[in-house]
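Here is what TrEMBL says about this protein:
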type	residues	note
TRANSMEM	35-53	transmembrane segment
TRANSMEM	65-88	transmembrane segment
TRANSMEM	168-187	transmembrane segment
TRANSMEM	237-257	transmembrane segment
TRANSMEM	269-289	transmembrane segment
TRANSMEM	305-325	transmembrane segment
TRANSMEM	332-352	transmembrane segment
TRANSMEM	358-375	transmembrane segment
Amino acid sequence: MSSEKHMGSLPTIHHQNGRGRHDGATFMGVSMKHLSLLILLLQNSTLVLMMRYSRVNVDPDQPMYLASTAVFFAELIKLLACVFVLAYKTKSIPRTFYILRKDIVEQPQEILKMLVPSGLYALQNNLLYVALSNLEAATFQVTYQMKILSTAVFSVMMLNRRLTRQKWFALCLLMVGVTLVQLQNVGSKASPVVVDSKEEDEFSSEGLEGSMGDELGDAGMVGDLVDEETGPVQNPFIGLVAVLTSCVSSGFAGCYFEKILKGAEADMWVRNIQLGLSGALFSFLAMFYDRQRIFEGGIFQGYTAMTWIVVANQALGGLLVAIVVKYADNILKGFATSLSIIISGIISVYFFDFEPSIQFQLGTLVVICSTYLYGRPDSAVPGFIRPTKK
């Protein structure tokens, strides 16, 4: 994205020996390439696992926290973090206020441009909670790679990009792999969630049955429908619809965002503030869906230390990845994604009693291969068929 060129001005990054912009870059003596791999791996794995854990490991004395409020607080934290980074870069509070007034207050049309992507991102973030309330972390992690397909399709339609045969083949493999993974859930009905915990039999339904529970019946979402004897109930079909909708939303929003930013010279952090303002507005409006439950139990109902960790991870993790992602090539990003899928699968087996089928394991392998193949540079044209320069 064009706005990434502004990230090089962060003073914490140093370059050695006069090499290229990214070659040899270090942070506190650690190679930025290796650091970016670690951060991408941690972000991809921990957010999914902690969000899943926070949705199924409910304290019997508390109601489930509301996803709409978590998304709203994440947007507020992200907004404050962007303002802080902008102030850190300018090293002047008056200068920071001048930039905010000039690029935001005096240019409301720029915020209007962000309404579409910010609204879609707000929808996407809420759907992630729905998906992880109804799907195992490993299943979600694999299925969520469908955002590669949606992004590719929208980039062809909206940005007039051309994909090579290798990339189209990788996208076909991706669809096959995700289909194999979802075969494990075919025919599955709403079922109790099992967590490897001493308190797994102590779930309480008090305060957890929301308005969606009555509408969905036996197909309720975790936290919205709770079995009095076995605890929260999940429905794989709802989770699948949520994650696929999130993938489409992510792909369209990303391409739309890139399209409207082409040729723009605004600082990346200013753009993030503009996006955060409209995103916070949409997230606030989304809370009206839960207004009755908020009125009865308060906006912080069900919040625990783990909830705040999930909110902070969702808010700051993405910004952290945005800083280091330029140091990771496509192969490295694909490697991090593949490792995070494997880690999520292993942890799900041990902590969530997840039992992967043969189809799931085969589908995961296909998805990992397709992710690597899509990010891999296209094969060079053999020398004997290259056109010779005259």
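Including glycine, each Cβ sits where the backbone N, Cα and C put it.
Residues 33, 36-37, 40-41, 44-45, 48-49, 52-53, 56, 136-138, 141-142, 145, 194-196, 325, 364, 367-368, 371-372, 374-376 of the same chain lie 6+ residues outside the transmembrane segment (332-352) yet bring a C-beta within less than 8 angstroms of a C-beta in it.
For the transmembrane segment (168-187), the residues of the chain that approach it from at least six positions outside its boundaries are 135, 139, 142-143, 145-146, 148-149, 152, 236-237, 240, 356-357, 359-360, 362-371, 373-374, judged by C-beta separation under 8 angstroms. Tertiary neighbourhood of the transmembrane segment (269-289): same-chain residues 3, 6, 66, 68-69, 71-72, 74-76, 78-79, 82-83, 85-86, 89, 99-100, 103-104, 110-111, 113-115, 117-119, 121-123, 125-126, 257, 261, 299, 319, selected by CB-CB distance under 8 Å and a gap of 6+ residues from either end. If you look at the transmembrane segment (237-257), the same-chain residues 6 or more away from its ends with a CB under 8 A from one of its CBs are 1, 116-117, 120-121, 123-124, 127-128, 130-135, 139-140, 143-144, 146-147, 149-155, 157-159, 182, 185, 188, 216, 219, 221, 275.
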